[in-house]
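What TrEMBL records for this protein:
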- 411-507: coiled coil (COILED)
- 11-267: domain 'DUS-like FMN-binding' (DOMAIN)
- 279-411: domain 'BAP29/BAP31 transmembrane' (DOMAIN)
- 457-515: domain 'Bap31/Bap29 cytoplasmic coiled-coil' (DOMAIN)
- 283-305: transmembrane segment (TRANSMEM)
- 325-342: transmembrane segment (TRANSMEM)
- 381-398: transmembrane segment (TRANSMEM)
Amino acid sequence: MFEKGKVLKICAPMVRYSKLAFRSLVRKYNCDICFTPMIVAADFMRSVKARDSEFTTNECDRPLIVQFAAHDAQTLADAACVVAPFSDGVDLNCGCPQRWAMSAGYGACLINKPELVKDMVRHVRNQVENPNYTVSIKIRIHKDLKRTVDLCQKAESAGVSWITVHGRTIEERHQPVHYDAIKTIKGSVSVPVIANGDIKYLRDVEYTHQLTGVDGVMAARGLLANPAMFAGYEETPLECIWDWVDISIAQGTPFSCFHHHLIYMLERQFLVICPLTEMTLQWTAVALFLYVEIGILVILCLPFISAKRWQIIFQLRIWSFMARFWNKVFLTMIIILIVLFLDAVREVRKYSVKEFGTDTKLQPNMFDHLHMKLFRAQRNLYISGFAVFLWLVMKRVVTLINQLASVSGTTAALQAQAENANQAAKKYMEDNELLKQTLMEGKGEKATAEGMELLRKEVEKLKEQLKTAGDALKKSQSEADVMKKQTEGLAREYDRLLKEHQELQNLQDSGSKKEN
C-alpha cells in the first residue's frame, strides 16, 4: 500500500457514516484506503445479525481496513480471521474518547495499556494466515509524549503494520492538532505513520506531510463535508452529489443515512450561496422586515422633516386608503413576529440543553452541527425580538408624530387668536385714549359734539355685541328647553317601564303562590 514519495489519502473510520455507500463515493475521488466504522469485536463474534449489519462490502471496496474495538487479544484475533478473506487489514481502535467506549475498556483507554495492545497485535499477526494482511492501530497522544512513543515502539516490536496518530489528547476535542507530537512519533518508529486531525482541504494533506514527514493523512469531518476533497475540490461538486444519489439508490442506502450525508455535503455550499449562514426563507423575510423597520425609523427621525410635514404626508390619499387596514395589518404582524420569536426561543432551549454535550460525542461532526444550529437559533431569536420591538416603536413614533403635529397646529391657532386679541385690545385702547384727549382738550360745543359722536359709535358697537350675545343666549335657552323636554320624556318612559316591571313582578309572585 505504501510507496515511497506518495502520501496516502485515507478515509477515517466514522461510526454510522463510513459504510459501503460512502466508501464507494470517496473512492471515486482519489481516496486510496477506506476504513469501516468501528465494530465491537465481541458483539461481532457473538451475533450473526451484528456481522450482517455492521460489515458489508463488495469486490470494488478495496483496499479496505476493518476497525475493531476490543480489549481481549483472542476476540480480536477471531474477528480478524472472520473478515480477513473480505478485507486487506484490521485496525485496533485505541483513540475513541467516548465515555461509553472507555468505560467498557475500549478505545482511548488502551493507550494506557501498552502491553495489552502489544499482545493483541501479536495475536492477530500470528493467527491470520495471509502474510500480507495488515494489522494497524489508531491512537491518541499522551500529555507525556514519552508514553506515546513507548506505546508505538512496543506495537512495532509486536509486528504492527502502521500507526495512525490523532494529534490530540483524550481530553481535547476541537483544540489545535499537535503536529510536533506526530513528527516525534514518526521519527521514533520505522513503520509508516498516518496523521489524523483537522484535514479539511487537499492543501492540508501536503501541509501536514511537509510538517511531520508522515506517510499518509486520514480525514473524517473534512470528507463528510466534501467527499471529493482528495480530488482537489474546495467544495462538494454537483457531480459528487449526483454520484451519491446514484450510489445510494443502487445499494439501497437507508434514507436516514442518505439524508445525513447529503446535509453534510450541502452545508458548505449553502454557506457560500447564503451569506446569512443557512438562513431559511422565513427568517430572510424577517431580517429584511427588520432592516425596513430600521430604515423607516431613521427616516421618521430626520431632524429637517417637521411633524407638520409628516402630518401632511400622512393625509395623502394613499395613506387614507391604507389606514382602513392598518390595525389589522399591525395586529397580524405582531402575532406572526411573536410566533416566530417563541419558535426561536424553543430552538435556543432545544440546542442549549446540557445533555447534548454528551450525546454529540457519539456522532462525528455532530458537535459542530449542533453548535451551528444553536448559533442560528440565537440569531433568529435576536432578529424576531428586535423586529417585534421596532414594530411597536414604529407604531408609537407615528402616533407621536401625529400628536405633535396636532399640538403644533393647535398652538399656532391659539397664537393667531392671541395676536388678534392683542390687536383688538390695542385698537380699543387707542380709541379710548383719543376719546379722553378729545374730552380733555376740546372746547365748547364742538368738543362736546365730537365726544358724543365717539360715544355713540362705541354704544352702537356695544349694542351689536349685546345683541349677538343675546342671540347666543336665546339659542342656548332653546337648546336647554329641548333637552329639558327630552329629559321629561325619558323620565315618563322610565316611570312607565318601572310600573310595567312591577306589574310583571306581581304576576310572577301570584303565579308562584298558586303553584305552591
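Along the chain as shown, residues are numbered 1 onward.
Cβ coordinates are placed from backbone N, Cα and C, and glycine is handled just like the others.
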Worksheet entry | Distant-in-sequence neighbours of the transmembrane segment (325-342), which means Cβ under 8 A and at least six residues beyond its ends | 282-283, 286, 380-381, 384-385, 387-388, 391-392, 395
Fill in: Secondary structure composition of the domain 'BAP29/BAP31 transmembrane' (279-411) [DSSP: H/G/I, E/B, coil]
116 helix, 0 strand, 17 coil
Worksheet item: Counting each residue once, how many in the domain 'Bap31/Bap29 cytoplasmic coiled-coil' (457-515) are helix, strand and coil under DSSP?
Response: 59 helix, 0 strand, 0 coil
